[in-house]
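Positions annotated as domain 'Glycosyltransferase 2-like' by TrEMBL: 187-392. TrEMBL lists 43-65, 364-384, 396-422, 502-523 with the feature transmembrane segment.
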Amino acid sequence: MATSSDGLFDDMSVLGVIGYVLEQTRFIFLVPILKRMVNLCQVISVLLFIDAAYMAIVVAIGKLLRRTPQKVLKWESFKNNDDVELAPSSIHPMVLIQIPIYNEKEVCQLSIGAVCKLLWPLDRMIVQVLDDSTDEESQKLVRLECKKWSSEGINIKAEVRSGRDGYKAGALTAGMKHSYVDGCDFVVIFDADFQPEPDFLERTVPFLVHNPELALVQAGWKYGNADECCMTRIQEMSLNYHFAVEQKSGSSILGFFGFNGTAGVWRIKALDEAEGWKDRTIVEDMDLAVRAYLRGSKFVYLDDVKVKNELPSSFQAYRFQQHRWSCGPANLFKKMAMEIIKNQNVSLWKKAYLVYNFFFLRKIVVHLFTFVFYCLILPATVIFPEIEVPKWTTIYIPATITILNAIATPKSFYLILYWILFENVMAMHRSKGTLIGLLETSRVKEWIVTQKLGEINTLTQNLITTTTHYSFPERLRWREITVGMYLFICGYYDFVFGKTYLYIYLFLQSVAFFVVGVGYIGMSIPSNRRDS
């Protein structure tokens, strides 16, 4: 009997020691570390709010003062004849239009057709289709479309490379090496799904002609399939904010904003002086814009000129796109940070803006902060009642930033909750891409062309959305499911033991991760139209 009691006493002593060690670990290590992380996130939250408020104020002042590009810069239309194609060629500069294509048979004819319908003297315009396609059907469609427009008098060239070195940057560089480009003054770039309005050149090129300090005219985007599904509506909200606030705030002060890679007109002289396209990262457009800016060039964004294009309809295509858009800038920042700091051509303020505001805050910190704070640290605080997170960090600041985003797309304001939850899910993928770019791991140069569906969006939408093309196990994404489980457990703990209402957010956010994790987001894609 004594032996049994001694054994029980020993077991209780061991459990007591373990409990004591865990309790001390909690108070000595976990709580202080989590407190410091919460404090750091509070500081970052304020910095992001200040940056968002700054951009919003700049745009608001520009609107109040009616500082449109047409009023700030010199602008005069070339039109002196109702038929632009018959207008005197001498007043129109020579323009090269490049359309890089890679296995985009669904949209290539739409883009080529729209470009060939641009109102511009036929002898002052060269359309250059840069076809890197490996798909025979895509190659055939490009050849037929080029032949069709060539027969109608359009000076159109179909250029094919033997390989795909340098991806898009390599194609654009190769296109500029042809002898017929020598006489061109400006180059316009349209991705394969972009369909400009006929007056695009008439509304953009005059800015470059009459303002020699300008190197780039960037047009806005509009979306032919924005109403296709909830995911495309959410993308529209984010992109509208990007153009209406981020791009416009930089343009309003003729400062820096990133080239979007398409729907833009470059002065070829400025492009050459900036050493042309480089393929050292997967954001060749941003790379070129930074180098041109460091040489003193100025850019302008035209919010009244928008080019129709297509949003990714499937989650897989959107995820690949977001990887490129988060990995590329982080990698470019790593490669160019010291080059920017040492540059002698721009002021200290402009260098600080590039390094801190544009790259550090908007391209790196925002992704990591959104995922780490709202999906990891904030849920963990419910298990540690000693840690209090002020409401201004969890409610007031994020609510203000969210409203600023939503204002850019009033028709989708009712989707604001879905936007918040989905953006937090995507922050996980963007954080991963950012780290890959900073650490330069194996996927740092991964380039997957964003899949386009073209006319399939309107012709066969019902068939696509009602047909299952993946088995349930194939749709599962375990990263999202794992984070969803973590959020759900934290929410349940707060519901049972907590004194706050944070569990409401945690349950909703966990559901968002679960929905994405089981593949019920975006549109299903027919097997014969998926990425190869």
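Placed from the backbone N, Cα and C atoms, the Cβ positions cover glycine too.
Just so you know, TrEMBL annotations are computer predictions that nobody has curated.
Sequence-distant contacts of the transmembrane segment (364-384), counting only residues of its own chain at least 6 positions beyond either end whose CB sits under 8 Å from a CB of the stretch, comprise 26, 30-31, 34, 37-38, 41, 44-45, 47-48, 326, 329-330, 333, 394, 398, 423-424, 427-428, 430-431, 433-435, 438, 483, 486-487, 490-491, 493-494, 498, 500, 502-503, 506, 509.
Residues of the same chain lying 6 or more positions beyond the ends of the transmembrane segment (396-422) and with a Cβ under 8 Å from any Cβ of it are 45-46, 48-49, 52, 56, 230-231, 233-234, 236-238, 240-241, 243-245, 374, 508-509, 511-512, 516, 521.
Averaged over the domain 'Glycosyltransferase 2-like' (187-392), the predicted model reaches a pLDDT of 95.
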